[in-house]
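Take a look at the structure set out below.
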Amino acid sequence: MASMQPGGNEQNMKATLLYSVPVANTLGEGVIWDHLSQKVWWTDIEECVLYAFDPQHRTLEKWHMPERLCSFALTETEGLILAAFASGFAFFCLHSNQLEWIARPEQALSGKRLNDGRVDAAGRFWCGSMVETDTAPINSGSLYCVSKGECDWQRNGYQIFNGLSWSPDNRWLYCADSAHNVIYRHHFNHHTGQIGIAEVFATTPDNIYPDGSIIDSEGGLWNAQWGGSRVVRYDTTGEIQFVLNLPVTQPSCAVFGGEAMDLLFVTSARVGLTSKQLAQQPMAGDLLVYQIDRKLGLPSPRYKR
């Protein structure tokens with residue numbers, strides 16, 4: 001059993017690593033829980049593969065994508081995803097491989113690609129982009145919103161957009177710029193989708209980078225921290241409440257799920273690790289499955305087409 005190290009005065013929380021799903025992802029990311037299928041879904045960006053795992057029956061499915069799948073949303077149509085590929089947004093049918101492009105805002109922008117994305121409570125898909133090489137201006141990543149089949153630019157100024165999530169009351173939008181070691185929050189109008197000015201919510205130490213986030217039912221923000229071998233829970237003021245230490249150095253994203261919403265799924269990555277580092281962390285790139293001693297998960301909405 002792994003104890004989450006308390007960072008505040010709340011009662012300590014317990015987590016048990018139940019098992020890992022041995023997928024050895026190069027860059028596992030974008031994990032979401034779907035309460036309808038009772039499966040956890042994620043992508044290996046660099047290998048262009050989408051995964052779905054059923055924790056009850058321990059079955060794994062995977063689909064090969066036409067290009068790098070950076071994040072995605074399940075839709076209200078079974079077998080149809082809204083894909084944030086490296087170059088743009090498209091509907092992709094898992095049964096027929098049929099592809100229907102919505103917009104390709106990053107296609108002509110050298111050195112950039114789409115990155116982290118998530119669906120809000122109104123069924124809109126939000127996704128930010130990142131600077132991948134030095135051929136692009138350093139802070140030229142943008143945030144987009146896909147609603148009712150149309151893509152709208154929202155704002156820019158990010159180097160590596162990540163950590164997209166919303167508070168349970170939908171009053172706050174959270175995101176991170178991994179390269180700048182900062183997690184932001186914005187006032188958010190759930191009805192219009194309007195975003196307020198960025199406020200610094202939390203920062204991370206040098207060489208520990210905030211990656212994917214999920215909000216729990218108490219409003220706590222759980223952030224996977226690349227290079228830090230940990231998932232950190234922040235309270236609503238940005239103070240660290242708990243630290244879950246992991247057996248991998250590059251956790252990338254986390255989500256709550258399971259029938260009782262008391263499992264924590266954490267994706268990870270092998271990219272950039274040496275053979276010595278890989279030998280020291282054999283679960284690098286796997287999906288880690290933790291049992292949490294509280295029911296903290298919230299349903300993940302699907303995209304409304």
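Think of each number as a place in line: the chain as shown, counted from 1.
Glycine is treated like the rest: Cβ placed from N, Cα and C.
Feature annotation from TrEMBL assigns active site, proton donor/acceptor to D211. The Cβ of D211 (active site, proton donor/acceptor) has 28 neighbouring Cβ atoms from other residues within 10 Å, across all protein chains displayed.
Sequence annotations record features per position, and here TrEMBL assigns divalent metal cation binding site to E29, N162, D211. Long-range C-beta contacts of N162 (divalent metal cation binding site), restricted to its own chain and to partners at least six residues apart, with a cutoff below 8 Å, comprise N115, D116, G128, M130, C175, A176, D177, S178, P210, D211, G212, S213.
Residues or ranges marked as substrate binding site by TrEMBL: R113, N115.
The domain 'SMP-30/Gluconolactonase/LRE-like region' annotation in TrEMBL covers 27-270.
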Under 8 Å by Cβ from E29 (divalent metal cation binding site), same chain, sequence gap 6 or more: W42, T43, D44, I45, C70, S71, D116, G212, S252, C253, T267, A269
Shell of the divalent metal cation site beyond E29, N162, D211, same chain only (C-beta within 8 angstroms of their C-beta centre): G30, N115, D116, G163, A176, S178, G212, A224, W226, S252, C253
Cβ packing number for N115 (substrate binding site), 10 Å threshold: 28
